[in-house]
């Protein structure tokens with residue numbers, strides 16, 4: 001087992017943290033970036049105390065950790081299914097205790113951000129003598145790890161069982177989705193392989209919209225909203241990153257198809273525009289006290305066009321996740337300024353032209369950055 | 001002795017291969033068949049990697065009932081091996097050594113025999129197809145196998161390495177290991193031992209013994 005864990009760590013834990021760097025950055029921004037540095041400790045301590053005294057806030061935290069655990073679970077199970085990880089099936093040859101222990105430790109290592117948070121919270125709970133919530137917080141992440149380890153072992157040992165088609169697989173086999181299916185291939189991929197990432201992005205996105213338009217209906221500044229709105233876009237930028245990875249790795253054969261650049265670009269543009277439709281609908285329903293209808297349309301157009309820019313940026317040389325984030329935040333700084341000038345439509349058109357130009361120039365010369373294959 | 005009964009494999013309702021009953025009781029078996037005949041599918045089934053209908057038994061132990069044992073004693077090398085690009089050959093060798101309970105002496109001997117040592121510390125992503133193939137063959141011989149499945153073991157290898165592989169299989173056969181392989185290339189020209197072997201043909205979604 002001494003050799004197995006470090007190797008599994010390379011395959012699983014390192015890859016998980018690497019592939020979800022954007023997600024962690026977003027979570028970090030939400031937890032620490034929006035609060036004044038001098039108030040961070042006080043804010044989090046009162047948040048922890050709030051969890052101990054308010055059942056719904058406590059439930060929300062537990063739900064968040066469950067979703068995070070599900071994200072890990074989804075990643076691990078997907079890895080176990082992938083062709084390149086077939087060697088992992090050799091774990092079947094190990095004793096049941098070894099199999100279980102290895103997966104449990106792996107899940108614990110990927111749950112570390114949650115576990116560290118609960119340990120910090122437990123210091124507050126000990127000081128406040130709220131032992132019930134202390135036990136709940138200390139045990140809950142490990143319960144999630146235990147359930148996940150059980151699911152991994154079950155999948156590992158169930159490799160000879162035929163899998164039934166899931167709901168989304170059944171839906172996607174309907175004839176209507178087969179028409180010109182390459183236009184919707186990225187949308188389908190999102191729903192199939194990145195549904196959890198999409199779900200988390202949408203939960204965060206609607207949480208922000210809810211805070212801006214519903215909870216703080218009267219006392220929310222446009223400037224504050226624009227900053228928060230860019231967090232929504234950055235959550236979706238991670239999905240765009242996955243889209244390009246899928247397009248250029250698993251669907252590399254599409255390059256051989258006799259498609260025009262316009263058609264290729266449309267394949268990416270369609271999900272970019274569809275992705276943000278729910279946010280636009282929410283803004284139409286709840287945000288008209290802050291923005292007019294044309295403004296909402298402009299914000300939607302500009303943000304969808306920005307996702308197209310992110311898509312095209314990934315075709316620039318040596319564009320790994322780190323560089324992608326740098327470009328992303330440079331664009332954010334500029335676009336917040338443009339939003340404040342209310343030049344949504346103009347900026348959207350410029351973005352779209354920029355996206356098309358970069359894509360047209362870089363598509364043929366695209367090379368996967370080292371380590372992203 | 002390997003026995004297959006009532007084997008049926010289909011993808012999306014379309015039959016790929018159907019084998020009512022067959023027994024492999026010879027130490028060396030060569031399975032022939034054209035492209036897409038179902039050789040790799042059969043090998044993946046024998047290696048307990050994909051679901052299928054029917055029962056497969058090795059030396060009296062049925063695959064589904066003894067999956068842990070099966071994984072320990074059945075080794076498989078793919079025709080076109082795929083490994084995570086960020087792992088080194090050494091990582092994979094150590095992984096197999098631990099899970100298949102191979103001894104350091106055995107592993108070192110295999111590494112030297114197939115000439116993998118000089119690049120085993122590099123990441124697999126930088127391997128040529130021949131290097132990856134040799135690595136997958138080293139992995140297929142690690143441990144105490146009762147059955148070794150080699151899917152196109154000679155493809156992408158140079159003539160010298162081809163002879164080494166067949167000599168290695170002979171060494172294992174001498175120790176009582178059963179070897180089943182597929183190859184589009186003639187084996188007799190490479191090794192005398194493989195001149196008169198048990199040969200099967202997969203064609204028309206069926207397997208026949210020649």
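Using the three backbone atoms N, Cα and C, a Cβ is placed for every residue, glycine included.
Record features (TrEMBL):
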- A:21-42: transmembrane segment (TRANSMEM)
- A:54-80: transmembrane segment (TRANSMEM)
- A:101-125: transmembrane segment (TRANSMEM)
- A:131-153: transmembrane segment (TRANSMEM)
- A:196-213: transmembrane segment (TRANSMEM)
- A:225-244: transmembrane segment (TRANSMEM)
- A:265-285: transmembrane segment (TRANSMEM)
- A:297-317: transmembrane segment (TRANSMEM)
- A:324-340: transmembrane segment (TRANSMEM)
Tertiary contacts of the transmembrane segment (A:265-285), as residues 6+ beyond its ends and Cβ separation under 8 Å: 182-187, 190, 202, 205-206, 209, 213, 232, 236, 239-240, 243-244, 247, 254, 291, 293, 296-297, 299-300, 303-305, 307-308, 311, 355-356, 359-360
CB contact flag for the transmembrane segment (A:196-213) and the transmembrane segment (A:225-244), at least three pairs under 8 A: yes
Leading contact stretch, A:54-80, A:101-125, A:324-340 vs the transmembrane segment (A:225-244) - CB distance under 8 Å: A:324-340
Interface-richest range of A:21-42, A:54-80, A:101-125, A:131-153, A:324-340 toward the transmembrane segment (A:297-317), CB pairs under 8 Å: A:324-340
Same-chain residues at least 6 beyond the ends of the transmembrane segment (A:101-125) whose Cβ lies under 8 Å from its Cβ atoms: 1, 4-5, 8-9, 12-13, 16-17, 24, 27, 44-45, 48-49, 51-52, 65, 68-69, 72-73, 75-76, 91, 94, 131, 133-134, 137-138, 140-142, 144-146, 148-149, 152-153, 156
